[in-house]
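I have placed the structure first, in the form of structure tokens, so that the comments after it can refer back to it.
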Amino acid sequence: MLHANQAAHAWQGSLERDPWVGGMSPQARSRFFQRLSDLGAVDEFEVCWSGGGTPTWALISARLIDYQGQRAVLSTFTPINKMKLMESRLELWAKVFEASAESLIVMDADMRIITVNQAFRRHSLYDLVELVGKRPGFLLAPDNSPEQLDSLRRTLARRGYWQGEISVQRKSMESYPAWLVMNAVRDLDGVTTHFIASSLDISERKASERQIEHMAHHDALTGLANRHVSKLRLAAAIAQARRSGEKVGVLFVDLDRFKHVNDALGHHVGDALLQSVSKRLLQLVREGDTVSRLGGDEFVVILNGIGDAQAIAALLDARLIPAMREPHQVEGNELYVSCSVGVAVYPDHGDDMDTLMRHADAAMYQAKSGGRDHARMFTPQMQEQQLQQLHLESDLRHAAERQELVLYYQPRIDARSGCLNGVESLIRWQHPQHGLIAPDSFIPAAEESGLIVSIGAWVIREACRQQVAWREAGMGDIAVSINLSAIQLKSGGLAATLREVLREFAVTPGQVEFELTESILMDNVDDTIATLHAIKALGFALSIDDFGTGYSSLNYLCRFPLDKLKIDMSFVQDIHGSPQNLAVTKTIVGLGHTLGLSVTAEGVESAADADVLRHAGCDELQGYYFARPMPQAQFIVWLAQSAAPRAA
Ligand SMILES: Nc1nc2c(ncn2[C@@H]2O[C@@H]3COP(=O)(O)O[C@H]4[C@@H](O)[C@H](n5cnc6c(=O)[nH]c(N)nc65)O[C@@H]4COP(=O)(O)O[C@H]3[C@H]2O)c(=O)[nH]1
């Protein structure tokens with residue numbers, strides 16, 4: 001060291017030592033001196049200088065000079081610690097800027113793009129060079145409303161800030177929704193120097209919002225509008241019709257015997273059938289009409305802009321009902337399903353939504369009880385009938401305790417000998433106001449309300465009591481068959497009821513037979529088999545009723561401990577006029593006999609029917625031809641007078 005001014009002392013440690021050795025790393029030193037020797041001068045060589053103790057960033061400039069006759073190096077030190085700090089911060093911010101998931105655009109005061117980050121380049125598909133110097137207007141998609149853009153400009157100018165949803169156009173001309181935040185950057189004097197736009201692509205969020213919205217308004221299984229939307233659409237259709245003077249049709253569509261499909265083939269087949277029905281309904285209506293699913297197998301169709309009610313009737317009879325009857329290809333099955341439809345028309349049958357829905361429902365109920373597979377238009381009488389039905393259902397609660405229930409008995413005749421085999425007990429309700437009510441009018445309501453369990457228990461006790469009474473009257477053991485409902489079977493207490501009955505009445509269990517329909521048997525097969533075995537273990541007989549109408553699986557049929565098959569009446573009636581019915585009947589007889597079951601034909605109305613059925617191989621016959629169901633007193637008279645002697 002030949003000379004150092006006062007300021008330079010701080011950069012040097014001990015004056016005896018070579019400052020360059022302690023000041024710089026060997027690599028930096030070799031670069032520095034190489035440059036000095038090559039050029040004779042070094043300007044602003046940036047280095048982390050350790051010669052003064054604490055390492056300090058510095059710019060060193062040096063010249064080779066002649067000093068007092070010797071070659072020397074003149075160097076100056078400029079501390080740049082603060083600059084380096086700022087530089088490293090800037091580098092960090094640059095990295096943050098580039099790595100940000102938000103799209104960022106930096107613009108000058110004239111709104112010309114200075115730079116954009118990687119996220120923006122990725123979303124917009126533009127390169128930086130294509131953007132720099134341009135105003136960002138061309139990045140906005142045409143579907144942004146002029147009002148919205150105007151609000152952006154005005155708010156940004158006034159408050160220096162704007163945020164909102166905007167549609168951004170990519171280079172490929174597609175657009176995407178983005179949440180944009182615009183900020184004006186101001187200097188200390190409040191003058192805007194830059195604008196920064198940060199935006200987030202919200203396509204995914206919008207898609208999930210749309211999905212949630214869709215789920216809230218649509219039925220998950222079929223994709224149809226749900227009850228909520230159906231009501232909104234009906235309200236809108238009524239409002240529109242009020243202005244235009246047109247009509248609105250409200251159709252309640254309910255599938256017939258859908259439960260059988262579900263029970264027999266499983267819920268996945270039932271679901272697929274509902275989807276197929278939905279598609280068919282959608283194909284039948286015009287654009288602007290609404291098809292919705294209320295739940296289960298219930299659909300509501302709203303027809304807009306109808307000229308007159310007859311047009312709806314024509315649509316139903318000519319298109320909807322026939323289209324439903326067409327087979328549905330579902331999971332390898334060819335399924336046939338029909339529907340019952342109730343129709344209410346605005347303004348003819350009501351001028352508000354609730355009334356129309358209620359009236360369409362009442363009409364559908366009538367279509368169901370009127371034999372299914374057709375449509376009914378609402379009439380004021382239906383309302384009355386529905387009201388009566390409601391009263392009937394509430395009266396039913398007290399029918400048993402008021403002793404209004406009675407059993408009728410219909411003889412079952414041995415096909416070969418013509419002797420009485422036994423009787424089927426059939427319930428009637430002797431209503432104080434409405435007279436004798438047939439089971440079809442109240443059993444469904446009893447099943448729905450669960451009352452069937454106590455009513456059914458009453459039937460079992462009464463039939464057993466009667467059997468004992470006949471025996472005590474010297475008429476011997478007359479076999480009785482008793483209908484069981486699915487609800488009774490599922491209720492769990494059936495075996496206990498039967499044990500109690502056996503304790504209370506001295507019946508011969510083998511002379512008491514329970515009739516179950518196919519659909520009951522096929523519902524929840526494993527539990528049913530267990531219950532049937534429990535009934536069988538008590539000694540009772542079991543038969544399968546209305547055979548041929550359901551979806552019996554032959555595989556299961558062998559596993560049920562059955563004694564008898566009763567062929568459904570629909571095959572028996574017109575048996576001598578219909579070769580198909582005869583063929584089905586013969587097949588069922590063959591099947592029954594193969595399985596070791598006796599076969600009964602019910603609904604025999606004429607001697608000719610009886611003849612054919614006898615020849616077809618039926619073991620037992622039952623029907624109006626022999627006797628109608630009758631109260632027990634009348635049955636005794638019939639038996640005394642009848643040509644049907646008691647079986648030996
Ligand atoms: N057209 C015609 N019909 C005939 C002929 N012979 C008998 N019938 C009728 O056919 C029905 C046969 O009973 P089901 O199939 O067990 O059908 C029964 C059964 O499913 C149900 N039911 C009756 N009593 C009870 C009961 O105590 N408990 C339960 N759970 N259901 C019952 O109500 C249904 C209807 O019973 P009912 O009205 O008594 O009607 C009876 C009977 O009166 C005929 O030659 N021609």
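Even glycines carry a Cβ here, placed using N, Cα and C.
So that you can see what the record holds, here are the features copied from TrEMBL:
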| type | residues | note |
| --- | --- | --- |
| DOMAIN | 89-159 | domain 'PAS' |
| DOMAIN | 162-214 | domain 'PAC' |
| DOMAIN | 246-380 | domain 'GGDEF' |
| DOMAIN | 389-643 | domain 'EAL' |
Residues in the domain 'PAS' (89-159) grouped by DSSP into helix, strand and remaining coil: 40 helix, 11 strand, 20 coil
PLDDT averaged over every residue in the domain 'PAC' (162-214): 93
Counts by DSSP class (helix H/G/I, strand E/B, coil) across the domain 'GGDEF' (246-380): 61 helix, 41 strand, 33 coil
